[in-house]
Amino acid sequence: MALKGQEDYIYLFKDSTHPVDFLDAFRTFYLDGLFTDITLQCPSGIIFHCHRAVLAACSNYFKAMFTADMKEKFKNKIKLSGIHHDILEGLVNYAYTSQIEITKRNVQSLLEAADLLQFLSVKKACERFLVRHLDIDNCIGMHSFAEFHVCPELEKESRRILCSKFKEVWQQEEFLEISLEKFLFILSRKNLSVWKEEAIIEPVIKWTAHDVENRIECLYNLLSYINIDIDPVYLKTALGLQRSCLLTENKIRSLIYNALNPMHKEISQRSTATMYIIGGYYWHPLSEVHIWDPLTNVWIQGAEIPDYTRESYGVTCLGPNIYVTGGYRTDNIEALDTVWIYNSESDEWTEGLPMLNARYYHCAVTLGGCVYALGGYRKGAPAEEAEFYDPLKEKWIPIANMIKGVGNATACVLHDVIYVIGGHCGYRGSCTYDKVQSYNSDINEWSLITSSPHPEYGLCSVPFENKLYLVGGQTTITECYDPEQNEWREIAPMMERRMECGAVIMNGCIYVTGGYSYSKGTYLQSIEKYDPDLNKWEIVGNLPSAMRSHGCVCVYNV
């Protein structure tokens, strides 16, 4: 019997547990073999009894197979070639649970199968896994793999590492096995990070000598491709005369350099990287993002930091993304755990997952596809806690505490080891720490490796050519540390004293930006460049405004 006056009353009931219950029910049907109507068979003979509707809902491959006019549409058993039973079992379980375990051991086979069977979400998850584990020793193979399976993010990020770290990449075993076509592709990249003649000739020599009988014919083609100004008649004649001899690396090198025209030009500078200046401080917190190309000396402005009231944060770069972590607001000097992420390709900010520990004046670096936050201040005292953010798992994970908590220290990464140098320590940061702390992520362990010759805070450090360079601070002293020899050496002094400056490596040189000069009592706007070949500093430009405590990172163009 209808309620009077409420004929139009509607209650829309939505059961939020229904999708989960529905999937759980089908999972039970699958395990119990109920209502199954299709059997999948691996090459090994192992079979899986499934439901057509479930497979079609997860895979466009099966949807087309079961709906289009194909012979498989009417079959009760489908034989799938080229897929290991463990991989197929994982994909079938994913269809019934929405979960699948991806490991270093199975990821490539899983992506191949997901690509073939069009489990698009699984393929994307595998792609993100491979991006997370990209490094100099696998980026060439991953680039070819990405091209073959049409993985755009993996292709781009493997190319970013390949081009930005080419000097390290060509010294890997993987490089020696690449095809001529792949080598020509690499050499044709306009953003290949090479700035010296030998940096482009040496990999050609190395690759040719690895299989000299089959590759010597490619030598002239390779040299022509990279626009090295050689005498073609001399080189071809010399190669012809040497054909019967065993050509070693040294002989090939001698042939090439003898074939160079006496008046040849050095290779032209390439625009391989862009400097990003994030925020900073000039009598008050700055929120601007400034972008600089050192070759054109042109500045453009990016989207401002959304949280414009904070300062003394950590800034680091992972691929195209710039992470801004922690800091404090000037009105209460309370440490923040907030994270903002700037995408340099889209010029957009998004809020990231908060850190486990609030901190400011801490160190931020990237290692192994993750973002690390180390030490810093909390409640006015230096903290020992350290953590890293895994962008694939989307979570912050604590690591071993530092040996000594430090604030306003500097950190950088060399050969997969994190080095933290200097900073304040002790009660309320009353002392300056003179030790260098190193962190090995493989064993989750910190060590003390050496002492800094002039312990300071507010320094910057950068890795270059297997060494660490220490710049800035209250003096113009610049020092270089060789971890292999455990030796420090002093290099040419800077032109300015730069407390809390920024520093990056670009085009084979060190660029140091801004800072505060205690001797002059002023904020600095200038940019200094150090050329290690000349052991010389020079002023090469200016920031858009004077500043200190700013983020300064390099993003490689792809």
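The backbone N, Cα and C atoms fix where each Cβ goes, and this holds for glycine too.
Annotation source Swiss-Prot lists domain 'BTB' at 36-104, citing sequence analysis.
As a summary of secondary structure, the domain 'BACK' (139-240) carries 77 helix, 1 strand, 24 coil according to DSSP. Taken from Swiss-Prot, the feature domain 'BACK' covers 139-240.
Residues annotated as repeat 'Kelch 1' in Swiss-Prot: 274-320. Within the model, the repeat 'Kelch 1' (274-320) shows a mean pLDDT value of 94, rounded to a whole number.
For 321-369, the entry in Swiss-Prot reads repeat 'Kelch 2'.
The repeat 'Kelch 3' feature in Swiss-Prot is assigned to 370-416.
The annotation repeat 'Kelch 4' is assigned in Swiss-Prot to 418-466.
Long-range contacts of the repeat 'Kelch 5' (467-508) within the same chain, counting only residues at least 6 positions beyond its ends with a Cβ under 8 Å from a Cβ of the stretch, are 193, 195-196, 269-270, 272-273, 275, 277, 294-295, 408, 410, 412, 414-415, 417, 419, 421, 436, 449-450, 452-454, 456-461, 514-520, 524, 526, 528, 530-532, 535-539, 548-554. If you look up Swiss-Prot, you'll see 467-508 marked as repeat 'Kelch 5'.
Summarising the annotation, Swiss-Prot assigns repeat 'Kelch 6' to 510-557.
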The domain 'BTB' (36-104): DSSP-derived helix, strand, coil residue counts: 32 helix, 11 strand, 26 coil
DSSP-assigned states of the repeat 'Kelch 6' (510-557) in counts, ordered helix, strand, coil: 0 helix, 28 strand, 20 coil
